[in-house]
Every structure is written in C-alpha cells, then in structure tokens.
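S.K.: For reference, Swiss-Prot lists these features for the protein:
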- 25-246: topological domain 'Extracellular' (TOPO_DOM)
- Asn62: N-linked glycosylation site (CARBOHYD)
- Arg89, Ser153: glycine 1 binding site (BINDING)
- Cys162-Cys176: disulfide bond (DISULFID)
- Glu216, Asp218, His239: Zn(2+) binding site (BINDING)
- Cys222-Cys233: disulfide bond (DISULFID)
- 247-268: transmembrane segment (TRANSMEM)
- 269-273: topological domain 'Cytoplasmic' (TOPO_DOM)
- 274-294: transmembrane segment (TRANSMEM)
- Leu285: site 'Important for obstruction of the ion pore in the closed conformation' (SITE)
- 295-305: topological domain 'Extracellular' (TOPO_DOM)
- 306-326: transmembrane segment (TRANSMEM)
- 327-412: topological domain 'Cytoplasmic' (TOPO_DOM)
- 413-433: transmembrane segment (TRANSMEM)
- 434-444: topological domain 'Extracellular' (TOPO_DOM)
Amino acid sequence: MFALGIYLWETIVFFSLAASQQAAARKAASPMPPSEFLDKLMGKVSGYDARIRPNFKGPPVNVTCNIFINSFGSIAETTMDYRVNIFLRQQWNDPRLAYSEYPDDSLDLDPSMLDSIWKPDLFFANEKGANFHEVTTDNKLLRISKNGNVLYSIRITLVLACPMDLKNFPMDVQTCIMQLESFGYTMNDLIFEWDEKGAVQVADGLTLPQFILKEEKDLRYCTKHYNTGKFTCIEARFHLERQMGYYLIQMYIPSLLIVILSWVSFWINMDAAPARVGLGITTVLTMTTQSSGSRASLPKVSYVKAIDIWMAVCLLFVFSALLEYAAVNFIARQHKELLRFQRRRRHLKEDEAGDGRFSFAAYGMGPACLQAKDGMAIKGNNNNAPTSTNPPEKTVEEMRKLFISRAKRIDTVSRVAFPLVFLIFNIFYWITYKIIRSEDIHKQ
C-alpha cells in the first residue's frame, strides 16, 4: 500500500514538471508584447535617460547624415535665398537601445517616441525660415535596429541664404550651400559625417524654372570655431547654372530690335525732321524703360552686371542715332547761316561807307543833296564808296549743295558704321561672358 502511494506521488510530480516545462517552452516561444518591450527598452523601468548622450564621458557620437531633395526652387535674387524641400536622415548608434528579446531585426516606431530617446541637436546654419510637415500626420520616421542603430528621418521645407555674385548675370553660375551644424555639442561629444553611399540624392525629374542643377556633388566639412568651443559642421554645395531663354526673349532681343529700329532714321530724308526726331525720342524712351525693367527684379548692388553693360551700350547707340540727326540737320542748315553772315557783312560795310560822307544835318539840309549858289542841286556822291553786289545765284546754290552733300555723307557713313560697331561690340560681349568668364567660373 505504501509503495503504491509513493508511485502515485512520483507520477503526479512527473506530470507536473512536464506541464511546467511545456508552459515555459511555450512562454519562451511567444515574443514579449510590444508595449512591455518598449517600456523595458526605453521606459522608466529601463533606466534610459534621453537627456544624456550615448557613450557619455566617452568617445563622441558619430552621426551619419544624408538628404533627399524633393523639390528645389524659388531662387530669389532680391533676397538672395532659395527654397528647398528635403528628407533629412540621421543615423547613429545608441548602445542603450540594443536589444535581443524581440525577434525583429528593426522596429519602426511612432514619431511620438522621439521624445523618449536622445537626438542630435542639428540645425541649419544658413537657414532663414523652415517648417515641418504634418499632413496627414507628422512626416517623421524613427527606426531602431537590434545593434542599437537609430535612424531618424524628417521632411522639412527650408529657406536658406544663398549669397550670389551677379557680375555675369544672366549668364552666371551660382553656388548655394546648405550647412548642417551642431548647436550645443562640441566635437568632443558629437561629430557629423556625410553618408558614403549617397549623401545627396535628387528626386527623378526634378527641374528648375531658370536654372540647371549640376549633377556633381560638392560635399565639404566646415568645422566652426566659436567662443564656446569647436563645433562639427558639414555642408553641401549646389551649383546652379542659369538658363538664358527667358532673358533672351524678354531683354536681349527686344533691346536689339530697338537699336536696329533707331538706325531706320539714317534712311529717312533729312528734311523730314518730325519723323526722324520722333523716331529717335521714341527709341530712347523705350530703351530707358527696357533698361529700368531689367533692374526691377535684381538687388541694388554696387558692381556692374553683364545685363547692365548690354543695356547701357544699347541706350548709347540709340541716343547716338538721335544725336546723329542733330549733327546732320545742323550741317545741312549751315549754308543758310553762312549766307546770313555774308549779308550782315555787306550791310556793315555799307554802313561804314556811309559814315565817311559829309553830314549836313546840322545846317538843315539832307545828306543826299547840296543846294548850289546857282540853284542847281548837287547830289552827294562818293565815287570811292564800294558798291554792293549780290553774289551770283549759282554761288549760293553751289554752297547749299556743298553743305547738304556733307550732311548726306554723314548719313551714309552712319548706315555702315553703326551696325559695324554694334556687331564688334556683340562679338566681344558674348565671347567675354559666354566663353572666357564661364571657363573661369568652372575652374573655381
């Protein structure tokens, strides 16, 4: 009886142990609930403190950065800035977030968990304005890997300062930078690095209205030294080549046509003063308006731009065409002035000859006659006085033709000289700005 009781007891204990082992095996096979796992990983019971950086009092945290450009545009010359929409991705290792209790290799967490972990204090050094995106939810991504690697991605729109050199405008190439810098951590605590696999990526089909974004990536390091210490800084440079299509249609071609229109006056008769003066004044005023319009969308800089030189030379040619007619008209009328001068000289000589005769006005007798004793009237006559004779009509006509011929010769020379000089200016202008200066910019 006693042996039977012992046998039953051993049987019960055996089955109890087997059941407990099976329960333990089932418990080990089923993963920990996510909420419990997260509380254990970064909750209050975990001892994780988001205020303390990884490797505290140890080596600096290396943060690898890369950006994906969604859109690039709104490049403003007046304010010298540009607008860009990007995905900013930062990746670093936090040993405190390494785990082995959960089977997944990585965890994609809700953006609200970002407040529970440590993050780099990255900011954009040349930022003038920025905003996050919250439609339809916060555009943020947080991913934690088993080895403690943290990926933090965020979508932001930035307005960044871009100092521009407009000397070659509108044939310029601008370099706009994006600087990523640590605000509070010195290089003893935090270091930014560009991702070697793809630091800067651009969306397919990205186009700009006035610029071409060069494909080559210019990535640099720009460590900053302040009174508070040495801070890590990385920068990306975007090389933007301006497209001339808009400016050719809106500025260069209209001003070129205005200059050519001013040359029409060289083929108009010099006697048609209203037509030539009206054409000259109209082209000058139009060119002035065109020149003012070219500067309306540009900042007030102290140096001369390429478009300023073009507009100034075009205005000079148009104004010179107006002055050319003034010179032609002046020379054509010189024969009348010369005849008027000769007429005044003859009158002056006649007056001088009259002053040499005797004047009997004091005796009550006229200067023309003298009463003799015998009653005969003696007419005053001075045989030595020069007699005035008008120049022959042929001489006047020849003089008129001479001056008109000179005036016409100026018009004839202007018909060739103005286009030729303007052509030479164009050759030098386009060679200088499209070839020579363009090569200098690419070398830099």
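Each Cβ is built from the backbone N, Cα and C atoms, and glycine gets one as well.
Distances, neighbours, how buried they are, the whole picture for these features please.
M.R.: Under the DSSP three-state reduction, Asn62 (N-linked glycosylation site) is assigned to strand.
Secondary structure at Ser153 (glycine 1 binding site), taken from DSSP and collapsed to helix, strand or coil, is strand.
The 10 Å shell around the Cβ of Cys162 (disulfide bond) contains 21 further Cβ atoms across the protein chains shown.
Secondary structure at His239 (Zn(2+) binding site), taken from DSSP and collapsed to helix, strand or coil, is strand.
Annotation for Cys233 (disulfide bond): spatial neighbours Ala125, Gln179, Leu180, Glu181, Ser182, Phe192, Tyr221, Cys222, Thr223, Lys224, criterion Cβ-Cβ under 8 Å with sequence separation of six or more.
Distant neighbours of the transmembrane segment (247-268): 170, 275-276, 279-280, 283, 286-287, 290-291, 293-294, 307, 310-311, 314, 317-318, 321-322, 324-325, 411, 414-415, 418-419, 422; these residues of the same chain sit at least 6 beyond its ends, with a Cβ under 8 Å from one of its Cβ atoms.
Counting residues 6+ beyond its ends, the topological domain 'Cytoplasmic' (269-273) has Cβ neighbours under 8 Å at 325, 328-329, 332, 404, 407-408, 411 in the same chain.
Away from its own ends, the transmembrane segment (274-294) comes close to residues 251, 254-255, 258-259, 261-262, 264-265, 268, 307-308, 311-312, 314-315, 318-319, 321-322, 325 of its chain (Cβ-Cβ under 8 Å, at least six residues beyond either end).
Counting every protein chain shown, the Cβ of Leu285 (site 'Important for obstruction of the ion pore in the closed conformation') has 11 other Cβ atoms within 10 Å.
Taking Cβ pairs closer than 8 Å, the topological domain 'Extracellular' (295-305) reaches residues 77-78, 80, 166-169 in its own chain, all 6 or more past its ends.
With a cut-off of 8 Å between Cβ atoms, the residues of this chain six or more beyond the transmembrane segment (306-326) that come close are 167-172, 247, 251-252, 255-256, 258-259, 262-263, 265-266, 270, 276-277, 280-281, 283-284, 287-288, 290-291, 294-295, 410-411, 414, 418, 422, 425, 429, 433.
Taking Cβ pairs closer than 8 Å, the transmembrane segment (413-433) reaches residues 168, 171, 259, 263, 266-267, 306, 309-310, 313, 317, 320-321, 324 in its own chain, all 6 or more past its ends.
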S.K.: To test your reading of the Zn(2+) site: which residues beyond Glu216, Asp218, His239, same chain only, put their Cβ within 8 Å of the Cβ centroid of those residues?
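M.R.: What remains near the Cβ centre is Thr175, Lys214, Glu215, Lys217, Arg237, Phe238.
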S.K.: Where Cys176 (disulfide bond) and Arg89 (glycine 1 binding site) are concerned, what is their Cα separation in Å, rounded?
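M.R.: Here the two Cα atoms lie 20 Å apart.
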S.K.: Please give me the CB contact count at 10 A for His239 (Zn(2+) binding site), counting all chains in the structure.
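M.R.: If we count other Cβ atoms within 10 Å of His239 (Zn(2+) binding site), we arrive at 18.
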